[in-house]
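Encoded as structure tokens, the structure appears first; notes follow it.
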């Protein structure tokens, strides 16, 4: 190692110091000054951990003054190099740059430059980088991209709808599933896919004010999508950053009332150019042909300006035909322009439904049914399919022929592409509800306080008095003070304590209307019996609620009881529990359904017990009996409840306010009759055809099977743990499928993407993640994995390595060079390039003669035979064979050209095949189904042309390389 003053070297152990200059020499030591980091280092001359920096012809080097030189010749004189070449800014030729004037901040971006400069990575980092490239490639190509990473059970109809809609260009659809079937999750899955595929970058969600937090939590917990709630206060704050506050965030959540009441904010929202608009509870938007409501006009204005629109609404039958038409008008006003024409067209779908029902049942088709199908599919020859169905062919062939006919008929179904609707009746897997009504005597303390309250509270409106009478404990506290212990004598509390003691192993969810009741109940359980309980109410932050929910979910040492207030429990689901206690009752049937829906959801494994303790002779008894006998709302979902309530509310409020229940039997009888009639109408209006289409049948099951197979991916676990190790995260295995990940002091970057400052508990198991809301569900799509991979790539981790191969069959010193190339098409994400040509790794294994052995030498098995080399020795090995490495890279560059051409051709072929078949299908359908929008066809046509250009220009570059040297010891 010969040093000379002015030479440039780089430290092998501290590469972040920059480029060093030899400033002093004596017999035994050498001093280097690193000007970029203002540090000096003194090393022993005979064994300094530094590498000489030499650039080659073709490299571009930077001068300290900031200009760059393309090297055409390298001259050495007295141990110092001078680079001759052309300046890139002025194009002046024959410029000489002495090495002492090279920029101190020089960075080695090419992997071979890093290798020559001694900046050699650990072998396991090289392996991690290659695996990251390979896995990213496979994830991008997967047809299930965007569906695997959400924290939700694998429920066929939800996944089918998300898969159908999420891949469309600017989807405009109506999601009208019945309550408890997970419309919010379907919408979230569609949003998630649109975001991952680059189709939607700016998203606006408009919901009723009470549901804002529920949406915020669901999007964050289930899909790792961080929305910002916008209200007047937030808009005023954001005004400092931008004239239009809506431009300050990509994902915005706001209430319809906020936009309805402020014309200024509505106009700003209109100007903000969204890619996707999501509207929840869209059935509350009132419309009539001559007088649409303000709320409807707000949504209509946004829907006209936004390419993608998702409307979440109650079932069409609950809405009524005209109201249902009004929702469809928001999606496509050209198509749904006239209500009368819509009604007439709907009537024509009856024969389609009959034909499909006949095909579904598998019975022999009558001539009439065949004629109907032939007429409906007039543009294609269906005779061969009929022949297969009626022949002696095997069952599978018959099923395929039937399915083809069904698919073709479905496509022609008027609203099949814009409307998805599932019912509990059409979807199996819901638990039975066991109802336990428990009448209890009213304590004398309550009787007294209620009588006094009635005497002095004469000014209250009937509705307010009715509400007040439902909560006798509050009336008692008005007289006895906030601190009075009503829970010492209330028989509902005594009953609850006995129940909890009798069923120690069962998790119990208790819901009370008020936060104060919930808090006092927790105190009662703790003080009277030492029962482990936790509370959940609207006064708590999202993080506090998460902790409470996690404590309740915990198997070992968790809370036996979770006590929720009405608002606090919105949007939270506790499917792992099956015992529900309603400590009091809500005022309206929708809230009752929402309470039961905390446990009675798709995915609940057991039947659920609903316990309703109520005080006899009080408003509670009136309500309990009306819900039970008038609506049967405890035992079954009650889509008609609200309508019945609106009809009988005056009599009901009168009884609740007065405490008299003489007319109760009559009101119950009237309600039951009305309920039956409404339910019969709903059943009559059910669109069987739409249900068949919405639940996805066999196709939905296949999607579930595919995602379930990916769920057990052990590759992901080992990859994630190596990734966290490399970046410098602490990992602590907590058992029960949980690992705690926290930032360390030795991290590669100051903060890790997707990881909170205090760390996070993660799990790779979907079921664990579903029962423990405090855990992150880690999948290939999770920001912690995606962000970690981006970090590896951008920080150049693992781009060059040196390994030893102990193999006595080969001569000592035999060289192999592993080259990893990446083929890349520079294209915007929204173009859809990722589906056909994502960043594609190509691996070559060059022997010393320049032959590629990658076909015979598989990466993982070969990697297991290699051992790492320390950086200093690696640097010496590289220096001794630098010319060979140069030669082999040139040979690799020539060899890889053929691979790149093959990859381009395959991508072109797949893209043409996939998009052209979709285009032809839509064009053929356009002739028979007006629901195909021109924009959709034009978008696919433009996409094909665009992608053709991008794919043909795809380039390759050397991403990483590994030198392998054979040794025998």
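Just so it is clear, glycine is given a Cβ too, placed from its N, Cα and C backbone atoms.
Residue ranges 272-275, 276-279, 280-283 are listed, and Swiss-Prot annotates 280-283 among them as motif 'DEAH box'. In sequence order, 152, 155, 158, 601, 602 make up the list of same-chain residues 6 or more apart from residue 182 (ATP binding site) whose Cβ falls under 8 Å from its Cβ. If one looks beyond the motif 'DEAH box' (280-283) by at least 6 residues along the same chain, the residues whose Cβ comes under 8 Å of a Cβ in the stretch are 174, 183-184, 187, 205-208, 211, 215, 299, 311-314, 318-319, 323, 327, 330. Neighbour counts of Cβ atoms within 10 Å were taken for the binding-site residues 177, 178; the minimum is at 178. Note on the domain 'Helicase C-terminal' (492-668): mean pLDDT across this stretch is 88.
DSSP gives residue 184 (ATP binding site) a helix state. All protein chains included, residue 183 (ATP binding site) registers 24 other Cβ atoms within 10 Å of its own Cβ.
The binding-site residues listed here are 181, 184; among them, 181 has the most other Cβ atoms within 10 Å of its own Cβ. Take the mean position of the Cβ atoms of 177, 178, 179, 180, 181, 182, 183, 184, the recorded ATP site; other residues of that chain with a Cβ within 8 Å of it are 422. The Cβ of residue 179 (ATP binding site) lies under 8 Å from the Cβ of 314, 593, 597, 637, 639, each on the same chain and at least six residues away in sequence.
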